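Feature annotations, reproduced from TrEMBL:
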DOMAIN    6-143  domain 'Lactate/malate dehydrogenase N-terminal'
BINDING   Asp33, Asn96, Val120, Gly121, Asn122  NAD(+) binding site
BINDING   Arg83, Arg89, Asn122, Arg153  substrate binding site
DOMAIN    147-321  domain 'Lactate/malate dehydrogenase C-terminal'
ACT_SITE  His178  active site, proton acceptor
Amino acid sequence: MGCVCVIAYSLLYSIAKGDVFGKDQPIILVLLDISPMLPVLDGVVMELQDCALPLLREVIPTDKVEVGFKDLDAAILVGSMPRKEGMERKDLLKANVAIFKTQGAALEKYAKKTVRVLVVGNPANTNCLIASKSAPSIPKENFSCLTRLDHNRARSQVAMRCGVPADAVKNVIIWGNHSSTQYPDVHHAMVNVHGKEVEAYDAVKDDSWLKGDFISTVQLRGAAVIKARKLSSAMSAAKAICDHMRDWWFGTLDGEFMSMGVYAGGNSYGIPEDLIYSFPVHIKNKSWNIHDGLPVNDFSRAKMDATAAELVEERDTALSFLSQ
């Protein structure tokens, strides 16, 4: 069972149960996979049926894009070509450009124009950009990539350090690429300590940790999970996907922002425009807005620019393949 299957396996139950789109929203799940996986999909369909979930109206397993993308309200693109040993990043990008060009074109042709698209498969930011460019009639704002897992990791690290529950920490930010250059930033985060909101730096009281091991722990957490489990993050990835989509559907709380990889056009943080870059966003009526006006110090600026530079390089390489 590949990581896609394991993530999807955790994810489907949560969606079908009503954890994402609401407790009164009937669900039709369309499961698209490659042809050799269809027998496995049939097993997943049986299990979903056996859960006897009241909201789940239908499950459609398919290997055809015209079935998989037809009239979708939400598309979660979990799969991508994983990096194999000895594989150059360039080769990985080339393989994924082909996949996400096809998926973008299928969204363009078959999905609703109001579809909300979440790209999870890595390199997620650039895959998302390619899908969006391949679906020109769907608004760019309808495409996003997953950095909520990184956001949740950052939130949890701060919470554990302060000895508080994870929901006592708010407004951490993941800037940039869903890769090891991402910048987990807590300069604007708040921690609820004994009922009082305190700035994260004051709550943690360890600047060297926040500027050092905290950042690298979040950046490299995926690799650490693989090393320990011999499998990539599945439960936590599925939870992050649910968090991301639920917030997109129902909005963020007043005074809070979440991290989401979105189109950088018109941002106020000096990030190159034609990228999918993770920003702090708030969401209302299924529309996100980048949270503007946060002061950026020199430490943050350098890290935000470094991850942007990696994304520019990825984008330019990917676009050269796209035009071939």
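Backbone N, Cα and C define each Cβ position, glycine as well.
Any TrEMBL annotation is an automated prediction that lacks curation.
Structure coloured by features recorded in TrEMBL.
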| residue | record | Cβ neighbours (10 Å) |
| --- | --- | --- |
| Asp33 | NAD(+) binding site | 19 |
| Arg83 | substrate binding site | 15 |
| Arg89 | substrate binding site | 13 |
| Asn96 | NAD(+) binding site | 23 |
| Val120 | NAD(+) binding site | 26 |
| Gly121 | NAD(+) binding site | 22 |
| Asn122 | NAD(+) binding site | 21 |
| Arg153 | substrate binding site | 22 |
| His178 | active site, proton acceptor | 29 |
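The closest partner of Arg153 (substrate binding site) among the recorded positions, by CA position, is His178; the full candidate set was Asp33, Asn96, Val120, Gly121, His178. Looking at the residues that bind NAD(+) per the record, Asp33, Asn96, Val120, Gly121, Asn122, the two CA atoms farthest apart are separated by 17 Å. Using CA atoms as reference points, the recorded positions Asp33, Val120, Gly121, Asn122, His178 were checked against Arg83 (substrate binding site), and the closest is Asn122.
For the binding site of substrate, formed by Arg83, Arg89, Asn122, Arg153 according to the record, the largest Cα to Cα distance is 25 Å, rounded to a whole number. If you measure from the Cα atom of Val120 (NAD(+) binding site) to that of His178 (active site, proton acceptor), you get 10 Å.
For the domain 'Lactate/malate dehydrogenase N-terminal' (6-143), the number of residues in each DSSP class (helix H, G, I; strand E, B; coil) is 67 helix, 22 strand, 49 coil. In the predicted structure, the domain 'Lactate/malate dehydrogenase C-terminal' (147-321) carries a mean pLDDT of 97.
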